[in-house]
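Residues annotated as disulfide bond in Swiss-Prot: 28-87, 42-134, 44-60, 59-115, 66-108, 76-101, 94-106. According to Swiss-Prot, the Ca(2+) binding site annotation covers 43, 45, 47, 64. The active site annotation in Swiss-Prot covers 63, 109 and is backed by similarity to another entry.
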C-alpha cells in the first residue's frame, strides 16, 4: 500500500528518496500531477483493501503487489531503495542489473507510472471513504 502514500504532504519529515523518484517518474510518464494519486480509490495512497474501483486503482493495487514481491528477494526494502533511471518524456528506462533490488523497485515504479498515464482519471474516485467503499 505504497502508491504515492508518503509524497508531498507539508510539515512531515523527509521521505524516502525512492518515493521522490516515483513522483518524478509519474511526472515523466504522464500529464496528471502526482498529488492526484495520493488518495485515489482503494489502493492509491496509504493502505489498500477490497476491490479496486477502476483501472487506475488497479494500477495502484498492482504496484502494491509488485513492492510486496520485491521485498521477498533478500533484504530489499522498496520504500528506501533508490535506483537509476532515465526520463525522456514520456519514456522511462530503468538502469542497473536485472534482478537486483534497485532494478526490481525501478521496474515496479516504471510500470505504475506508465499504467497511471494510460488509465482514465475519475475525479469522483479521489478521496472516497475507504471504510465504506473498499471492503
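Quick reminder: no glycine exception, Cβ is built from N, Cα and C everywhere.
Since we're looking at a predicted model, the values are computed, not measured.
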Pairwise Cα distance for residue 108 (disulfide bond)/residue 59 (disulfide bond) [Å, integer]: 10
Sequence-distant neighbours of residue 115 (disulfide bond) in its chain (C-beta under 8 A, six or more apart): 56, 58, 59, 62, 63
Neighbourhood of residue 134 (disulfide bond) by C-beta distance under 8 A, where only residues 6 or more apart in the same chain count: 41, 42, 48, 49, 50, 51, 53, 128
Other CB atoms, at most 10 A from the CB of residue 43 (Ca(2+) binding site): 29
Closest of 43, 45, 60, 64, 94 to residue 28 (disulfide bond), Cα positions, recorded positions only: 94
Among 42, 60, the most crowded of the disulfide-bonded residues [Cβ within 10 Å]: 60
Residue 101 (disulfide bond) to residue 109 (active site) - Cα separation in whole Å: 12
Among 28, 59, 94, 101, the most crowded of the disulfide-bonded residues [Cβ within 10 Å]: 59
64, 66, 76, 87, 109 screened against residue 44 (disulfide bond), Cα within 10 Å - retained recorded positions: 64
Residue 64 (Ca(2+) binding site) and residue 106 (disulfide bond), Cα-Cα, nearest whole angstrom: 13
From recorded positions 43, 45, 47, 60, 109, the one whose Cα lies nearest residue 76 (disulfide bond): 109
Candidates 64, 109: member of the recorded positions with the richest Cβ shell (10 Å): 109
